[in-house]
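Note sheet for the following structure.
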């Protein structure tokens, strides 16, 4: 009797949680996640265009006595994440820092238009793979709740590790190769390191942070975030603003129309 009451109570809680969770078309989830990735790329290019001002600001900020405490606090917060994205961040950071001087020397003689064509191609690969990874990882968790009523599989009982999440290495490596192209256009190594840090924050942490806040499941939150990113791009460089405003409008219109046509069929 007690067990039955508990089961009914658990079912009621689950129903309430399902009601609270926003429900949208699965294809629209892909579109919204894609728009967030495109906005992150816009933030990176805005930082690239204004890397001189950003570098001066960080140098002036480093002269403040509280700057070391800020670095320690941010590093501790970073290490407290304990997520798969942390491992990917550290590996890509070490890999890119080692190869930046070599890649800069190799790409310095290549035309700038060719570099940015390669950058654009890499960003397309990054967007598609990153969104695919987010969708595949939806609902997956390494932590599994123990239940007395459920038999534990053999591989879990003998502690064999299972791969439960996709890490999106292919997309991250494509973004990294795109970074190398933009790094080759900068002469100052300090600016390269600062731009590298901004790129990793924009590409890895911003999308992860927004997804955990379910921004892509709420129209109001999504519009607010996209408008905020576009305002930053406008203040940084108007050319980047108009380019990414056009890309955002075209991608949203084309994919939304395609979804509507497919649903009607």
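First residue shown is number 1, and so on along the chain.
Glycine is treated like the rest: Cβ placed from N, Cα and C.
Owing to the predicted nature of the structure, the values given are computational and were not obtained by experimental measurement.
The stretch that TrEMBL tags with transmembrane segment, taken from the ranges 173-191, 192-210, is 192-210. Long-range contacts of the transmembrane segment (217-235) within the same chain: residues 21-22, 24, 29, 32, 35-36, 39-40, 42-43, 45-46, 210, 241, 244-245, 248, each at least 6 residues beyond the stretch ends and with a Cβ under 8 Å from a Cβ of the stretch.
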